[in-house]
């Protein structure tokens, strides 16, 4: 996979060039960062809320543009939500998932939605 930024945070290498998606990705990085600092129910709940909102927004854009990899992308989102819902405090896994999801899966829709 891709290297995990240290310090952990969004940087221009994660830019999809869709401002709403990039802004939401920044929020997700912040959510995972806060969870890494303090693994508590409030931080987990906030990350879950922001993640659900972001995935819904992204999926609506994909459906509207008939993005060909929509099903694969939605499945990746569902797997992450399941993992959050079954959270065991694995912050390292969450950091890695977001970095690799954006750079591998999200970048496929650059210029297509």
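Placement of Cβ uses the backbone N, Cα and C atoms for every residue, glycine included.
Per Swiss-Prot, the features are as follows:
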| type | residues | note |
| --- | --- | --- |
| BINDING | 25, 54, 58, 106 | Fe cation 1 binding site |
| BINDING | 58, 73, 77, 101, 106 | Fe cation 2 binding site |
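Here the C-alpha separation of residue 25 (Fe cation 1 binding site) and residue 101 (Fe cation 2 binding site) works out to 11 Å. Take the mean position of the Cβ atoms of 58, 73, 77, 101, 106, the recorded Fe cation 2 site; other residues of that chain with a Cβ within 8 Å of it are 55, 59, 74, 76, 102, 105.
Shown in sequence order, 16, 21, 24, 28, 55, 57, 102 are the same-chain residues outside 25, 54, 58, 106 whose Cβ sits within 8 Å of the Cβ centre of the Fe cation 1 site. Each residue contributes its Cα atom, and for residue 106 (Fe cation 1 binding site) and residue 73 (Fe cation 2 binding site) these two points are 8 Å apart.
The DSSP secondary structure for residue 54 (Fe cation 1 binding site) is helix. Note: residue 73 (Fe cation 2 binding site) has non-local neighbours 58, 59, 62, 67, 105, 106, 108, 109, i.e. same-chain residues 6+ apart with C-beta under 8 A of its own C-beta. A separation of roughly 13 Å, to the nearest angstrom, links the Cα atoms of residue 54 (Fe cation 1 binding site) and residue 101 (Fe cation 2 binding site).
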